[in-house]
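Feature annotations, courtesy of TrEMBL:
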{"type": "DOMAIN", "residues": "21-251", "note": "domain 'Xylose isomerase-like TIM barrel'"}
{"type": "ACT_SITE", "residues": "Glu137", "note": "active site, proton donor/acceptor"}
{"type": "ACT_SITE", "residues": "Glu234", "note": "active site, proton donor/acceptor"}
Amino acid sequence: MPKFAANISLLFAELPYLDRFQAAADAGFQAVEILFPYELAAKETRRALLANGLELVLINAPPPNYTGGAPGYAAIPGGASRFQSDIRRVLRYAQVLRPGFIHIMSGYAAGTDALDCFVQNLQWAADFAPQQTFTIEPLNPMSQPGYFLNDYNLATEVLGRVDRPNVGLQYDSFHAHMIHGDALAVWERFHPSVVHAQIGAAPERSEPGRGPTDFAQLFAAMDDAGYSGWVSAEYAPSTARTDATLAWMRR
Ligand SMILES: O=C(O)C(=O)[C@@H](O)CO
Ligand SMILES: [Mg+2]
């Protein structure tokens, strides 16, 4: 059985930010991920992690939060200086928070210039912070219209061209199903590049068990593949209380 983390930007969102850490620990999670931890000083988040014995698996590089704005600049031609200052900012947070992974978002773009730019920016980040592992994640076009990295084949091409040991694939069962129609098949095909996994049930991005994906089968496939990383629950709970949506963890 994989080890599960909670994405506390989506899970336990019924609670104030600093209360979500204890709620995650009480629910049995030993690690969390936070999409955008930038509203608070890093040391306050660090304190909450330590107080609850939680590991931090992942944060997203800025921008944005979910209140609008561009989802990253990595594939935007001409945006290199903005991209580099965002990476410097996330690395300042990472010095305190020590996340296993930093997710770099491509932003809205298309075409070969965007692809070249994405590759160059990822190489820059990888070389600038060789001690840090970065991820890229395909997001489905229904949820993120116009987002550059919208396909696992494209992600594989990008990773091949970036060719750095500290840049890997972030698999998300929700996006995988929405993009390619079968989350398990995407896992089977692309798992050799996966360094971090997230789960949510398509089509609603709800808790595992509610859509067409057979999560017992997916978890077994992760075990069979020898995947030993975290599997982070990243879904919008279908009820007002997150802890009422965690039966999939106990099954
Ligand atoms: O939307 C997702 O899926 C993610 O994993 C986020 O990191 C994007 O913000
Ligand atoms: Mg995700």
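Note: Cβ is positioned from N, Cα and C throughout, glycine not excepted.
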### Message
Taking every protein chain in this structure into account, which of the active-site residues Glu137, Glu234 has the most other Cβ atoms within 10 Å of its Cβ?
### Response
Glu234
### Task
For the domain 'Xylose isomerase-like TIM barrel' (21-251), would you mind checking the mean pLDDT of the predicted model?
96
### Query
What is the separation, in Å, between the Cα atoms of Glu137 (active site, proton donor/acceptor) and Glu234 (active site, proton donor/acceptor)?
13
### Query
When DSSP states are folded down to helix, strand and coil, where does Glu137 (active site, proton donor/acceptor) land?
coil
